[in-house]
Structures are given as C-alpha cells and as structure tokens.
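Below is one structure; the comments refer to it alone.
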Amino acid sequence: MFLSLFCVIIVAVGCSSKDGNVKLEFVQAMWRHGERSALADLYPIYEKDWVFGGGGLGELTGRGMGEMNNLGRLIRERYVRKFNFLEPKYASKEVYFRSTNLNRTIISAMSLLYGLFPPSLYDIPNVDYPFTPLKWLPGLAFVPVHVDGSDQCAASQNCPCPRYDFLQQQMLTLPEVQQAFQQVILLNRQIAPLYNVTTGVDTFYVYPDTWKCQRAYFNKTMYDKLPWYNEQLYSKAEITYAPIKGFLEGSFSQPAVTSNGLDVAFEIQQVRSGVMINEIVSRASEKLNCVERGQNCTSYLNKLKFYGYSIHDNNVYAVLVALGIPHISATEDGWPSYAAAIFFEFYRNSQTNKRLFKVLYRQDASSQITDVTSQVPMCQGVSMCPLSTFQHLADVLKPIPDINTVCNITS
C-alpha cells in the first residue's frame, strides 16, 4: 500500500504512515528566469529603449527580479516554514545554486535567493554580515551562485551538437512537422513584408518572441507605429509557433518515426534532456546512498539538502517532455512561462530503505507550487513514485557512451 496519508500529517521534515517513517531527504529544483527584455531589435523598439534591469537586449527586467523573488518566498514557505527542512538563514553545506552563464539567469538566481533567505533576525551581525550601521542593510547575507563553465554545457543544451542538427533535418520529413512548418512559413510571408523584409522571408522567425517582450512595456508604441498590429495577430503568432517549440524538444502528437525507422522523438529527447535527467537521478541516488551510510559518507552531498538550477524555458520544457507532462506548461506559446519551476523531492523510508520521489511544478509568476506526481505517466497515478522508475527513465535516455560521442553521430 502506498503512502495514502502522505502530507496529511507532517512531522518535522517527514511524514508518518503505515509503511514506516518516510522522510524528505533531498530537493532538486530548476526554474526559468524571470521576465526579460527582447533578444533582438525590431522596429519600433531597439536596444537603446530597453533600459530595464541594467539595460540591453536579453536582460532581466525589474519585474523579472520581482517574479523570482516571489518564487524564492514560495520555496521558503514550503521548505523552511512548512517542512522545517532548511535552516531559516543561509547554511553553506545545505544549499547549492547553479546558473547558466547569462546575466538573466544569474540575476534570477540572486533575486530568488533574496526571497528564500531575506534579511532577518536569524542573521547575526559580524557573523553573517558586517555590522556597519548606515552602510549595510541589517540582516543582508549573500548566497553564492555557481556559474556553469564550458565543460557543463550539456545539461543546459549549450554544447554544439551536430546530431541535434541532423535530427532537426530528419524531423522535417514527418507529415506532422511539415504541416506545422507550412503554417509558420505562411505567417512569416504575411509578416515579413510589413517590416520591409524581402530576403529570408520564410525564416523570418524573430517576431513572436520579440512581440511578447515589446508589448509588456511598449504596447502603445507598437499600436501607434504598427497600424496592422493587434492582439489577434499576436495570439496567432504564439499559437502558430507553439508546435515547433514542442518538436525541438521531442514532443510530437503523432508517432515521430521517419521512413527509414529513425525514432526522432526519442533521439531528440536523448540529446536534449538525457544529460539533465541523468544528472538529477544520479545526484539523488548518491545523496540517498550517503544518507544510508551516515557518518561514513564523505561526499559533498552529505549535508546538502537543496540543489537549485537557474536555466531557460527550453531546458525546463525538455524535462517536462521527458517526464511525459509537457502539457502542464499551459502557455499559449508552448514553452514554460517566466519563473516557472520544477521541483523533485526525494524521500526515504527509514524502515524499509524504500526510495521515493515527488514532482512539483510552479506554472507561472502568479501560481503556487503544485504536486503533479500523479500526472507523470511512469508514476501511474500514485502520490509518491518509486525512485526506480525515475532511474529507468534515466537509463533509457542516457546518451551512450556519452553525450559528446552521440552528438558527433550525424547519420
């Protein structure tokens, strides 16, 4: 019998049940950065107009900082106040935060941490921060964010991967993809002339994402300068491009097998999410091994409780696709919203040593963190899922012998 009473009665950091003592041991989370400026110039808005959050293209806005701060507060509410799992102030051995090497993800992590560990009476002057009246905000203690190096590009999909380029060409032979791309090309041919674009019309892809950013701050300017622009056209662009975003991460509504037998959906998932899924499962397994060894564990994971990763919409979406729940992103344009987040909670039954996990999702900047474990197909409707099922998924998606070798296979 599974843990039907889970989280009805919370005892400290775990729950009691008929199956024994089930305790939360480890949490891994990943989130999309907060709202950003556009990535490209597009009339009538140019880089000089993007003054928010330091200014420039692709930068986190002040609103985006607030979105991430709110996510940090939600994390604090769950893991500090509700579960008594994390210390109320920063403890270096308990938490580890990582980011891709872009300003918007780095500052998103910093903003989140300001919500997770805000200035408080828990922070001690001259211990957690310098006591210099009028020169330092009382209680403000910094938390490090570790930025990915060039050797960590695979998990965040930033490594060059000729195999992925090959798979994108192969997917263009699929009827589902051809139909969706035809709609994109027709829309591009409608929009490009309005910007006086005469070459590369079929690949004029810049406008949907740019409109999304522009309308947040310059909606009146757009209506004044672009007499043909309206909300219906914006929505059409978002909806038309949404299937393409799904294909790029291995999400298809029909069997995605080419005429020569290549399973494009599986192959794309392997190179796009395989490394990330395996990192998550491997880290969780090592942590739970460490818990079972107790004092004999010398791993850095010995005291670590929370591992967070500040990344991008396509990274989060790729994991949702791998889990079989891409639909929960629930956005018009397909990919997860700003400040969307996935949480993996890993539990251990101290009597049976059974390992379990839960999946939680935060849909957007105005949403709460919601348990979606029962929606994950491999969990078959249960509220707590055996870790072995996650391990099986990792084994299936693992690039063999390694991602570098797989990425260099172009046939």
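Glycine residues also receive a Cβ, built from the backbone N, Cα and C atoms like all the rest.
Over in Swiss-Prot, the protein carries these features:
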ACT_SITE  HIS33  active site, nucleophile
ACT_SITE  ASP313  active site, proton donor
DISULFID  CYS379-CYS385  disulfide bond
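Of all the Cβ atoms in the protein chains shown, 21 others lie within 10 Å of the Cβ of ASP313 (active site, proton donor). CYS379 (disulfide bond): 21 other CB atoms within 10 A of its CB, across all protein chains. Separating the Cα atoms of the residue listed as 'active site, proton donor' and CYS385 (disulfide bond) is a whole-number distance of 25 Å.
Under the DSSP three-state reduction, the residue listed as 'active site, nucleophile' is assigned to coil, being neither helix nor strand. The Cβ neighbour count for the residue listed as 'active site, nucleophile', using a 10 Å radius and every protein chain shown, is 30. Cβ neighbour count for CYS385 (disulfide bond): 22 (other Cβ atoms within 10 Å of its Cβ, all protein chains included).
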